[in-house]
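The domain 'BTB' feature in TrEMBL is assigned to 491-558. According to TrEMBL, the repeat 'RCC1' annotation covers 206-261, 322-378.
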Amino acid sequence: MNEIIFFGSNLKPKLIKNKPEKITKPIQFQFENENENENENENEKQIKQIFSSYFGTIFLFKNGKAIEYLDEEDSKQNLQKIQIKENIQKVTVGLGNEAILTKEGNVFAKGIYINPKNSDGFINISSLIEDTNDRIIEDIVSGWDSIYLLTSNRNAYGIGLNYFGQLGFDSETLNKTKKRILMMKNVSKIFSGNSSKSVFLLNSNQELFVSGDNYHGQLGLGESRRKETKIQKLTKIQNIPKGKIIDIKCGYKHSIMLIEDENENQNPKRKLYSCGKYKFNGLGKDGDIYEFTEIKSSLFENNDILDFSVGHYHTLILTSNSKLFSFGGNYYGQLGNGDTNNQSIPIQIELPKLRFNENISNYHISCGEFNSFLYYSPSFSNLEEDLIKLFRRKEFCDISFKTENGEIIEAHKLILKYRLNQNQNQNQIEKLQEIISKKSIKESNQIFEMIYSNKIINPKLYSEIKEIINLNEKIEETIKRIYLNENENEKDFIIERKEKQYKFPKLILIMRSELYRGMFLSVTEDKSNKVKDYSELSNKSFQIFEYWIYSNQIKNEIEITQEIIEEIKIGIDYFQLNETNPNLFDLLINKFNNQN
């Protein structure tokens with residue numbers, strides 16, 4: 001199941017034996033112990049994340065275990081398992097630190113500024129927060145020599161070196177700290193980079209605050225702040241590109257921002273913006289750039305940006321048409337174009353044939369300091385994510401709303417029927433129409449995203465709609481209610497089984513297929529919406545199939561047998577459900593192996 005493409009520095013650590021120190025073209029990477037654990041199923045050995053720095057490269061697997069390639073003279077000591085007893089959820093590295101977030105919400109870290117007495121030993125830094133009610137960590141981010149933590153209470157903490165003010169405080173007052181310092185409250189995301197001495201904090205109102213190294217304008221504060229090489233307290237960026245901030249990744253002298261343009265339509269386009277050192281920011285201009293400026297390229301302007309990553313001096317971009325692009329510093333061949341010449345604008349990388357090319361959205365990229373990885377890691381979406389994807393598909397909408405400027409935004413009557421509170425005294429859809437008529441297209445999109453999920457992405461807007469939206473019910477429960485109650489819908493998809501017909505609302509089946517081509521496309525030629533291929537399916541197998549569609553899960557009380565797996569596999573192939581997330585077949589195999 002694993003596929004890893006590698007290029008760039010093959011020195012410190014040496015990842016591939018018998019290869020040069022500079023690998024300038026993408027090649028396949030395999031672990032030295034690829035076949036060490038034959039008893040583990042393929043899903044358990046699946047790569048989840050790759051993080052690389054000057055001192056080591058960490059591979060995190062979906063089973064919660066991790067291995068690390070270290071910078072060791074003795075090649076036998078080069079590859080080591082990370083000895084953390086808890087289940088690892090995320091790893092992150094900087095040039096001077098490593099941090100591990102566990103499923104239990106603890107953070108283990110090491111580094112010269114984290115544990116000076118033993119910089120190679122992991123210590124639990126979760127207990128350093130004085131407020132005992134604020135010790136559940138949801139996310140971790142590494143800078144060069146600092147680590148940032150986001151708690152479940154949406155508070156951001158920093159630990160490590162503060163020479164440039166990257167912890168949000170004056171460096172003369174606070175040079176470094178082994179304690180976690182509360183940087184800011186009401187934080188939704190933290191951004192930095194393994195080579196960065198800066199930090200970006202995004203709050204729930206999409207306001208962006210920065211501090212740290214600004215020598216080349218990499219904080220995006222504008223021309224007026226260009227002479228301030230150190231920003232030693234958190235400062236709000238005034239000129240942020242329009243749209244929703246999806247991600248920010250920082251190099252040593254440049255920063256890249258991914259924006260989703262919410263003002264275009266229900267299928268917003270993702271765009272990349274850059275600032276910082278002119279040699280590495282991808283804009284192809286002389287002189288450093290002090291404001292986030294769009295990276296425009298004919299190479300990928302008509303394709304969606306799936307992923308991007310930033311190293312010390314270089315950047316990689318993965319697009320929906322299975323193309324990989326790069327720009328920036330290239331001393332070690334980390335751009336993958338066959339030479340070591342720097343590139344000031346994006347260029348396309350010639351890739352070897354990918355094993356899972358048809359599922360390009362399941363590939364991810366990761367830049368180390370001077371190397372690059374492209375790896376296959378299937379995502380396992382939840383029902384909320386599937387429902388949001390459905391909202392963005394215009395062709396399945398059957399009700400429209402007008403914004404204050406007359407723009408049209410579309411939705412689904414069936415979903416609104418169950419996501420809005422039922423009130424006999426007032427038509428809730430009419431009330432929603434009234435609210436949308438006074439909002440911009442951006443605000444309207446945010447309202448519908450809250451309706452189609454359980455996320456309060458805009459507290460101010462939520463306060464206006466909370467009386468009509470049913471946010472207390474989980475999406476899984478909403479989908480089950482639709483299934484139980486919508487049994488006379490002419491749009492149902494019917495499966496005939498012996499003496500009984502099972503009806504599935506088409507809209508939900510569409511939602512459950514990642515490429516929106518699920519069971520409803522496999523109806524018989526007479527367009528009757530009836531399928532009899534499951535008529536002989538065992539009751540147990542059908543119960544598994546039915547429960548999975550509406551819950552993303554396998555029933556705990558059902559024992560999985562080899563016969564069930566083979567039986568359902570035939571149905572999955574027939575109904576073209578191989579690309580749904582999570583994949584039913586993968587879940588069955590995983591449960592079967594755990595049973596045995």
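Glycine too: its Cβ is placed from the backbone N, Cα and C atoms.
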Whole-number mean of pLDDT values that fall within the domain 'BTB' (491-558):
55
Which residue counts does DSSP yield for the repeat 'RCC1' (322-378) in the helix, strand and coil classes, in that order?
6 helix, 23 strand, 28 coil
Counts by DSSP class (helix H/G/I, strand E/B, coil) across the repeat 'RCC1' (206-261):
3 helix, 27 strand, 26 coil
